[in-house]
2 protein chains.
Amino acid sequence: MGLKLSPLAPAAFPVMPVVDGVRLATRACGIKYPGRTDVLMMVFDEGTTIGGVLTRSLTCSAAIDCCKKHLRSGQARAVIVNSGNSNAFTGRVGEESVARTVEATAAELGCRPEEIFVASTGVIGEPLPDQRITSALGALKADLDGDAWEAAARAIMTTDTFAKGAVRSAKIDGKTVTINGIAKGSGMIAPDMATMLSFVATDAAIPAAVLQTLISRGADQSFNAITVDSDTSTSDTLLFCATGKVDNELYLNADAPELADFVSALNDLLQDLAHQIVRDGEGATKFVTVAVTGAESDLAARRIGLTIANSPLVKTAIAGEDANWGRVVAAVGKSGERADRDKLSIAMGGVTIARDGQRVEGFDETPVAAHMKGQEIDITVDVGVGQGRATVWTCDLTHGYIDINADYRS
Amino acid sequence: MGLKLSPLAPAAFPVMPVVDGVRLATRACGIKYPGRTDVLMMVFDEGTTIGGVLTRSLTCSAAIDCCKKHLRSGQARAVIVNSGNSNAFTGRVGEESVARTVEATAAELGCRPEEIFVASTGVIGEPLPDQRITSALGALKADLDGDAWEAAARAIMTTDTFAKGAVRSAKIDGKTVTINGIAKGSGMIAPDMATMLSFVATDAAIPAAVLQTLISRGADQSFNAITVDSDTSTSDTLLFCATGKVDNELYLNADAPELADFVSALNDLLQDLAHQIVRDGEGATKFVTVAVTGAESDLAARRIGLTIANSPLVKTAIAGEDANWGRVVAAVGKSGERADRDKLSIAMGGVTIARDGQRVEGFDETPVAAHMKGQEIDITVDVGVGQGRATVWTCDLTHGYIDINADYRS
């Protein structure tokens, strides 16, 4: 496709350390894209626990159905991911393709099929040529390496213009643990979840039930708080594995104070990855933070924020560097959540434009106009009815989005 | 702005007859646009009844608040409309501006303020210079003419590239009645309602309560079944007046069989106006009909249809003339309504692409590709769970939309 690097891309891919108990390998299997890697194998040592968050799409892919089932066991030995074909809406053929991939991988690794997870991203409705994956399993296994996180992040890309990775470390019982995460996603990005895949692994020892709680909560404040184009995917997958190689105490309660530092590092990492997806939003030239306060509840605040962040009129105004706060007002009004029109306040770039339902007297647009020319746009809205607050992130809507999506069959 | 005429525009504005009891006048009052008419006065003879549908936006304009209140009486003598300024989010100043306009108009026409309706469309958050309207009332009154419907349709335009009008006639008790309607709207168009104004008048005699029922039902299948960009406006207004100049029987029941022909003509006219708004959708190059069947209910079908019609990925694919049915599947999945993935069928241009949850064996894309090159795109989806059905209309999402909205402060 020859997509140009997003102007919002980070300077470089982070240096990602080895996570003890995790090995990775990638390969060019010719699923769709010529001349690039498109299959990733992640293998975990025995005893690895897993939690995950999957798309709530009612037309989810066969891979999602499989992950849902396998998450029940809470045990993981491998994840097989391909890009270029989502194996969604492929009916029985798609289910059979997943079953063959799972069985072949389990046989190759000598584990139970329930410990294998699969994820696919790319075009919908085309049968997945799974024999191109299964015939490569031996070679993938031979290539496994603990130090292949950047290659892994590259193999799962579709319309992404940069590979996405993040690292954090934290202390549990005074012992240092590492969390590595990679993600892909740039269009069809919306809460519940973005069209995204993300795989996060730690060497900490965390029971599966706790992992599940932590990843659900974390997704809520990260991947479920971003939007590029309001389109939810059939294949969204976020998996979180813990190899338990660090011999920290096992805490059975996600709210245990001993886990606080770990939870904070995890949430920070998830938000970092989510922001990277927004920064790679198709056609994005601005990274937009929408903070809503004064709503009836935190959930109401999030809904208002997402309504603003999804409004094509708000997003095109930002693309045009126009501080069109009237469109923000209109978006608040259509959110369906309670707001007091006559108490509404709106600021952009920290400058209050409207307060108590009308434009501030003698409002000088100069500093706001300057803010709109930057790459980082801040919009804050107080809707004047309660204490609920939320922050969501999005990008602008530009000609680049149309270019990419009018031409690419994804 | 120098917008180019929409390629989907009708060949000509319809020839609109006089509706007995309705007179119109327009004037260039310099509200915002130089060198064009921007105020419309519609005056009705005594005894005119009125019903209406107004935006459900929680940040609605002062004019909407006024119409809501005045609709209670069911009596109308005039509508004053301006384009260029929506008088929305203007706080107390905005309310006072509406009050002055209403009082001055009532004084000019010698009627009660409760019989005056106002509507404003255009930029949000700027105080409305209402003295430019009130100082023109005498001149407007002097210019009133029954034969000024096209001029009226022109005066209420904002980013519209063509004036929108429609005419129907029907029989009540064997007597011929006329229904004239005008509308404006092209962006910020979404159900509940579009950013649109529409004024419909008939010479039939219809009690206000019946008018209200008919217009609510009619809006549901027309203006509330279209979307351009999913953005709801603060100012949407649809008013329906009946002058009672034709001495048909008064029917107190909207379902009276004697009104069937009238209702059918009304609904047809509303759908015609709604389609014209879609055809003038900002940047539109394709008119898209999405028909959904097999849903749990008609409402569920409409929600699924609107989710498809609002999907930026579906809309950009159509702009790119790509029969990307996978994006339709994804949109069904994110609608939140029940659908059976394994029974889902999708057709484009009458050609079945997918049936029972997978692509039709040996599917030949040639006829569908040819259909996508046309200006009228048909998508039909059966979601396989019930008897609910609905049709919604939208347009494609093109560079033209970005051009218009990144530059225009509306």
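Backbone N, Cα and C atoms are what each Cβ position is placed from, and that goes for glycine too.
What you see is a predicted model, and the numbers here were worked out from it, not measured in a lab.
Marked as active site, nucleophile by TrEMBL: A:Thr195.
Residues or ranges marked as substrate binding site by TrEMBL: A:Thr158, A:Lys184, A:Thr195, A:Glu282, A:Asn405, A:Ser410. The secondary structure of A:Lys184 (substrate binding site), as reduced to three states from DSSP, is extended strand.
Those binding-site residues from A:Thr158, A:Lys184, A:Glu282, A:Asn405 lying by chain B, with Cβ under 8 Å from one of its Cβ atoms, are A:Asn405. Of all the binding-site residues listed here (A:Thr158, A:Asn405), it is A:Thr158 whose C-beta has the fewest other C-beta atoms within 10 angstroms. The number of other Cβ atoms within 10 Å of the Cβ belonging to A:Glu282 (substrate binding site), over all protein chains shown, comes to 29.
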